[in-house]
Amino acid sequence: MQSTSQQFDVIVVGGGHAGTEAALVAARMGARTLLLTHNIETLGQMSCNPAIGGIGKSHLVKEIDALGGIMALAADQAGIHFRTLNARKGPAVRATRAQADRVLYKAAIHHALENQPHLWLFQQGVDDLIIQNNRAAGVVTQMGLAFYAPTVILTVGTFLGGKIHIGMNHYRGGRAGDPPALALAERLREMPFRVERLKTGTPPRIDGRTINYSQLIEQPSDQPLPLMSYWSHGEDRPRQVSCFITQTNEKTHDIIRNGLKTSPLFSGVIEGVGPRYCPSIEDKIVRFADRNSHQLFLEPEGLNTPEVYPNGVSTSLSFDVQLDFIHSIKGLEKCHITRPGYAIEYDYFDPRDLKPSLETKYVPGLYFAGQINGTTGYEEAAAQGLIAGINAALQIQERAPWTPARDEAYIGVLIDDLTTRGTNEPYRMFTSRAEYRLLLRQDNADLRLTEKGRDLGCVDDERWNFFVKKKETIEKEQQRLKKQRIWPKSTVAKAIESRFQQLLERDYSAMDLLRRPEINYPALMQIEELGPAVLEPSVAEQIDIQAKYEGYLTHQLAEIARQKKYQTAQIPSSLDYNQVTGLSNEVRQKLNETKPTTLGQASRIPGITPAAISLLLVHLKKKELYP
């Protein structure tokens with residue numbers, strides 16, 4: 001083993017979406033950070049679908065953005081197709097999705113990494129961890145080079161013990177074209193972590209020049225184009241292109257059913273559990289046998305490549321079956337497959353072995369983030385990487401760790417779900433996982449988190465000044481609207497009654513009127529006496545939403561305040577649950593497995609009853625551990 005002379009504060013292993021966010025935020029907070037990757041050219045690579053956001057996922061992206069992260073900005077700089085999902089539904093469940101040019105996206109990530117002070121890149125795979133005095137102290141690369149740091153973040157994606165399946169052909173790999181991390185996987189299996197296998201997959205890629213687009217339904221970008229980042233201005237967007245929609249048919253399904261003998265999933269070769277919410281096409285055909293078609297979205301991979309991503313047909317069937325079923329789909333009868341679809345199995349570690357900071361419970365200074373914790377998706381990985389990077393930097397600064405609570409961010413929901421409940425299948429974020437959806441909207445992530453990000457040191461001056469100006473503009477306009485009185489039978493009242501068919505029987509403020517569902521801010525401001533309107537769309541949106549949902553938001557905040565005291569009550573890590581009178585053996589076992597840090601976390605462990613929480617509370621009070 002050769003030692004290097006450089007000493008770092010934080011070492012990040014892996015350069016995917018978790019690793020890049022972890023490295024960037026640690027360096028932004030002033031930590032000397034080393035990012036190790038087996039190939040610098042693949043930093044920030046979109047290994048599967050070239051898209052960012054979606055239902056539940058764009059909430060994570062915007063929270064990352066609010067805390068100074070790079071993902072949303074890169075999506076805006078590389079986005080070639082943008083849509084607002086659930087646009088006709090309430091603001092709590094609206095989402096933004098950006099189809100990205102994968103080359104432009106990777107270039108945006110590269111540029112951020114290469115221009116970040118306090119961050120160094122080095123191309124080497126990692127084979128071993130250095131543990132000194134029972135805590136992380138560094139890593140050893142494949143050529144025996146030792147790098148030292150008191151904190152190490154593993155963001156290794158699907159590379160740990162990775163095994164690729166195409167039909168009955170199987171070979172070791174971290175993803176197509178990349179080697180697996182076998183030595184590191186073996187090293188981690190020697191440590192006291194609970195380890196299992198998961199599986200994910202990807203569809204074949206298609207040459208767009210061989211697609212018959214005249215047979216397909218075109219889906220253009222929304223206009224005006226939605227922005228992913230709060231700090232984007234929209235001037236430098238790439239050229240926008242359309243996606244296209246087609247669907248499978250009975251012939252497709254027959255080909256797949258007849259080809260199941262070539263499926264490693266259905267022949268028992270694959271042991272890992274696949275993603276429930278992104279199943280392979282063969283899994284869909286078997287599970288939903290009554291369906292005679294499934295929708296496909298044909299999504300361009302970039303502006304300067306003919307390759308197309310057929311979203312909806314992830315598969316590990318043999319290549320000849322892939323070719324046959326693709327050719328049975330309308331518009332794809334003569335298409336050329338450029339890359340086969342495949343499944344990949346990999347190691348993941350039970351996230352209940354992590355603290356909410358994402359530091360491992362058994363090895364201080366060692367953090368896990370991304371698919372190693374059982375999640376699926378770029379956005380979920382990036383969110384974990386950000387929190388791991390923040391907490392590694394805070395540890396170096398000898399400051400307390402920080403993770404947002406469930407009532408503060410979807411990131412908090414994600415990490416609490418993982419560290420409290422664990423997962424036995426790839427975990428994906430949905431808005432339905434959050435109890436306080438109306439508070440945790442994608443439109444207000446900056447208002448929820450940017451001040452905290454500034455306190456932590458991960459939001460730079462430019463973003464902070466932009467945020468302060470926006471917040472002041474919102475507050476100033478709200479005060480103006482509250483002071484504007486509209487009297488019955490006045491000229492303004494008559495204009496409002498005529499425009500909105502709303503009878504004004506008493507005096508109202510302009511803010512009162514915005515609480516009515518029939519009236520919105522831009523339309524109200526078209527009445528000359530009530531203007532001028534604020535022109536910034538994001539400010540106008542906040543004024544509208546905050547006015548209309550004020551009552552609901554006040555109720556949710558009051559509910560959170562009522563629960564806060566007991567939810568945040570600390571449980572000492574040394575607590576012996578055998579000494580808590582009245583707990584069943586099952587409850588004791590679950591508490592010992594998870595080792596919750598607060599009563600709130602304990603209450604969310606599956607199988608822990610309200611009665612058990614009451615017994616815990618009595619015990620803590622008896623031991624004078626609860627005020």
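Placement of Cβ uses the backbone N, Cα and C atoms for every residue, glycine included.
Residue density at Gly16 (FAD binding site): 28 other Cβ atoms are found within 10 A of its Cβ, drawing on all protein chains shown. Look at Swiss-Prot and you will find Gly14, Gly15, Gly16, His17, Ala18, Gly19 tagged as FAD binding site.
Annotation source Swiss-Prot lists NAD(+) binding site at 274-288, citing sequence analysis. The Cβ neighbour count for Glu282 (NAD(+) binding site), using a 10 Å radius and every protein chain shown, is 25. For the recorded site, Glu282 (NAD(+) binding site), the DSSP three-state label reads helix.
Take the mean position of the Cβ atoms of Gly14, Gly15, Gly16, His17, Ala18, Gly19, the recorded FAD site; other residues of that chain with a Cβ within 8 Å of it are Val12, Thr20, Glu21, Ala22, Thr37, Gly44, Thr155, Val156, Gly157, Gly370, Ala381, Gly385. Per Cα geometry, His17 is the residue among the binding-site residues Gly15, His17, Gly19 nearest to Phe288 (NAD(+) binding site). A 10 Å cutoff on Cβ-Cβ distances gives Gly14 (FAD binding site) a total of 32 other Cβ atoms nearby, all chains included. Taking the Cβ of Gly19 (FAD binding site) as centre and 10 Å as the limit, one finds 30 other Cβ atoms among all the protein chains shown. In this structure, the C-alpha atom of Gly15 (FAD binding site) lies 32 angstrom from that of Lys284 (NAD(+) binding site). Comparing local CB density within 10 A for the binding-site residues Gly15, Gly274, the maximum falls on Gly15.
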